[in-house]
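A.B. asks: Annotations per Swiss-Prot:
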TRANSMEM  19-39  transmembrane segment
TRANSMEM  56-76  transmembrane segment
TRANSMEM  90-110  transmembrane segment
TRANSMEM  113-133  transmembrane segment
TRANSMEM  144-164  transmembrane segment
TRANSMEM  171-191  transmembrane segment
TRANSMEM  222-242  transmembrane segment
TRANSMEM  254-274  transmembrane segment
TRANSMEM  288-308  transmembrane segment
TRANSMEM  317-337  transmembrane segment
TRANSMEM  376-396  transmembrane segment
Amino acid sequence: MSPSDVPINWKRNLTVTWLGCFLTGAAFSLVMPFLPLYVEQLGVTGHSALNMWSGLVFSITFLFSAIASPFWGGLADRKGRKIMLLRSALGMAIVMLLMGMAQNIWQFLILRALLGLLGGFIPNANALIATQVPRHKSGWALGTLSTGGVSGALLGPLAGGLLADHYGLRPVFFITASVLFICFLLTFFFIHENFLPVSKKEMLHVREVVASLKNPRLVLSLFVTTLIIQVATGSIAPILTLYVRELAGNVSNIAFISGMIASVPGVAALLSAPRLGKLGDRIGPEKILIVALIISVLLLIPMSFVQTPWQLALLRFLLGAADGALLPAVQTLLVYNSTNQIAGRIFSYNQSFRDIGNVTGPLMGAAISASYGFRAVFCVTAGVVLFNAIYSWNSLRRRRLAIE
């Protein structure tokens with residue numbers, strides 16, 4: 001029996017990759033609460049300079065990730081997804097360790113860029129599971145896997161803030177590096193993949209990848225959908241705390257209220273993603289995607305008219321429940337419309353679009369709020385998501401007509 005014929009325990013792989021995504025999500029978000037404080041500790045002074053450098057060290061990771069993702073995706077299709085998971089976890093662990101030793105802002109900026117270059121654990125985990133799980137369970141499996149990163153991202157800032165208060169800023173980077181090394185060990189010992197390496201000559205070029213797709217136009221529309229989902233999420237991030245303060249008035253626990261309102265969509269997505277993924281397996285992920293986008297529009301508009309923080313919290317919880325269906329539905333449709341041979345590259349291209357959205361979303365939100373106020377951000381974001389819903393519906397309708 002050849003290695004590729006050995007049966008894979010995909011359920012165990014799903015469990016271990018979920019843990020890996022949880023640890024990676026936690027590791028990335030552990031340092032987020034105090035990133036501007038660390039920038040200040042590295043010698044940056046003055047309000048405008050601190051804002052500029054904080055924005056740079058935050059966004060440069062996503063920019064370099066967007067650039068590097070297609071390369072790593074191609075390598076994953078040649079060498080296998082497990083080795084890419086190991087490369088990512090170990091590489092990020094080393095970079096996090098070095099971040100704790102940075103002596104000036106330029107060193108830190110370069111290391112943040114390197115973190116983006118070496119990242120990619122979660123998209124490779126998605127590609128691994130997508131190629132192993134039975135197709136009729138893709139929605140449930142990818143929805144479940146998405147909750148790993150969400151859970152880690154929710155707990156990370158809380159843990160990072162507590163650790164920074166007790167031990168200082170630099171030790172948190174060392175703790176984060178340890179968490180990522182644990183992720184490396186879990187992947188090394190417990191994830192199994194039957195993969196026959198492909199020579200560079202046998203690899204499909206970009207044109208051949210596009211030609212091998214069942215519906216290239218639909219796949220491109222799914223990439224655009226991923227970008228817009230991240231733009232919509234990120235556009236609200238820069239103004240959320242300030243908007244909550246405007247709604248709450250002069251209260252002493254504004255940080256707690258803002259933190260809670262920031263986290264409730266993640267909690268809702270955690271609860272909804274596996275269930276909506278399973279529903280998508282039954283009725284079709286395209287229906288879940290369109291309905292979730294329309295619900296998102298209907299929830300974003302009233303956010304610009306709320307009068308209290310609790311009204312905003314309720315709407316954001318409902319929005320999170322809808323958002324929990326979006327990326328897993330996109331990923332499931334990508335699985336349906338591509339082959340295992342090119343899964344690594346398809347998921348890495350999708351990650352690049354996601355990273356671009358992570359950069360442009362906050363910039364859009366900040367620009368709109370500066371010109372038209374906080375409430376306008378929600379209306380414009382609703383308009384962007386509505387465009388996405390119409391665009392996605394049209395792309396999916398064309399696919400259905402082509403099949404008929």
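Heads up, the Cβ atoms here are built off N, Cα and C, so glycines get one too.
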A.B. asks: At a threshold of under 8 Å on Cβ distances, which of 19-39, 171-191, 222-242, 288-308, 317-337 pairs most often with the transmembrane segment (90-110)?
C.D. replies: 171-191
A.B. asks: Should anything in the same chain at least six residues away from the transmembrane segment (288-308) have a Cβ under 8 Å from its Cβ atoms, list it; otherwise answer none.
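C.D. replies: Distant contacts of the transmembrane segment (288-308): 139, 225, 232, 247-248, 276, 279-280, 315-316, 318-319, 322-323, 325-326, 329-330, 333, 375-379, 381-382, 385-386, 388-389, 392-393, 396.
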A.B. asks: Counting Cβ pairs under 8 Å to the transmembrane segment (113-133), which of 19-39, 171-191, 222-242, 317-337 comes out on top?
C.D. replies: 19-39
A.B. asks: May I ask for the residues of the chain that lie six or more residues beyond the transmembrane segment (171-191) and have a Cβ under 8 Å from a Cβ within it?
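C.D. replies: Same-chain residues near the transmembrane segment (171-191) but 6 or more away: 12-13, 16-17, 19-20, 23-24, 26-27, 30-31, 34, 82, 85-86, 89-90, 92-94, 96-97, 99-100, 121, 128, 160, 163-164.
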A.B. asks: Between the transmembrane segment (222-242) and the transmembrane segment (317-337), are there three or more C-beta pairs closer than 8 Å, counting only pairs 6 or more apart along the chain?
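C.D. replies: Yes, the stretches contact each other.
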A.B. asks: Can you work out which residues elsewhere in the same chain, 6+ from the ends of the transmembrane segment (19-39), have a Cβ less than 8 Å from its Cβ atoms?
C.D. replies: 50, 53-54, 57-58, 85, 89, 92, 96, 99, 105, 108, 121-122, 125, 145-146, 148-157, 159-161, 163-164, 169, 172-173, 175-176, 179-180, 182-183, 186-187, 191
